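Heads up, the thing below is written out as structure tokens.
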Ligand SMILES: [Zn+2]
């Protein structure tokens, strides 16, 4: 039948892969708990590999467990187009976060197969390992290794709260591949993702063209105190790390409220105290927090307030504080030409669209440090995500999938 400007994806076929994925690693009703490198992650990986092979793709696994399904182009010496996202979920995750982006790549390839169209450049679909960071911190670690932000050995030695080692879990499920985890020459990277926010749904938009991400700063800090009896220990002799951590996280939350009027956000997401028992003051408390703001300077100010709040929280509780890790992401990182291409398809195909900024982290942020990158956001009900109630209809993907299809083909046929 040939490929033309009017070619469209098969939405029902895409949806059937979403439904099959939703069978694997079920969590709370309607949701998924498919943590990275668990048995259910292996099961969806096996299914994804089978789908890729059925679609005629050659499959390769790298040493971080990233899965690449490659469709040859007319000229395989040219740098490929990558389309990716992640198949792992949060502990109380939904059926669409990340998954829709990987399966969008699969549907794109199937649509090209139907049309009998071979693009000039190769097209590669990617499932990135451990995007969520729900089991191994940090999140987006495997795309980070891919672009050289982290070392492979360092990542293999990450330890989960359940005591498992990243590299050993990769081997256990059979997904520690031979391919070096190192990005070569890549022409462009595309990622379709549910918005994970309420804007598109509230405005009745069919799709969002992502222009960048909220500048964001995160920290993992360790408060160090001393164990002592909760009864006789006088207040001025206490070094309760739990209290230092709690003070810091509430201070970070206050920073969020302080800047909320211009959509600033601050999150305390982790407090792991030890021994965390009645009758004893805590010796240590590991905490994670982050701040985000659409304005880069304000985001920096919020980050500095977050840092200083850690010092004063420690002082108030008579504890020491050590910053274990700091990270930043977001900003105007996406490629103007690719954004223009995606936007052009939104207009040409006649969707109700808008420009939008991402407020969540994505593998695309790492990829943007390596090659021209763009993202497409699709609506999700009420913006609910990282929750089993995350929900979308097939129609929520119609615009995004078809924009992705044509933007990728136009780029790949250059
Ligand atoms: Zn995601």
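Cβ atoms here come from the backbone N, Cα and C positions, even for glycine.
Bear in mind that the values here come from a model prediction, so they are computed numbers and not experimental data.
The Zn(2+) 1 binding site annotation in TrEMBL covers 86, 97, 193. Shown in sequence order, 85, 97, 98, 100, 101, 358, 362, 364, 375, 376, 377, 378 are the residues of the chain, 6+ apart in sequence, with a C-beta less than 8 angstroms from the C-beta of residue 193 (Zn(2+) 1 binding site). Classification of residue 193 (Zn(2+) 1 binding site) by DSSP places it within a strand.
For 97, 132, 386, the entry in TrEMBL reads Zn(2+) 2 binding site. Residue 132 (Zn(2+) 2 binding site) carries neither a helix nor a strand DSSP state and counts as coil.
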Binding-site residues near ligand 1 among 97, 132, 386 (Cβ under 6 Å): 97
CB contacts for residue 86 (Zn(2+) 1 binding site) [other CB atoms within 10 A, all chains]: 27
Same chain, 6+ residues apart, C-beta under 8 Å of the C-beta of residue 132 (Zn(2+) 2 binding site), given in sequence order: 35, 36, 86, 88, 89, 90, 93, 98, 139
Neighbourhood of residue 386 (Zn(2+) 2 binding site) by C-beta distance under 8 A, where only residues 6 or more apart in the same chain count: 90, 92, 93, 94, 97, 196
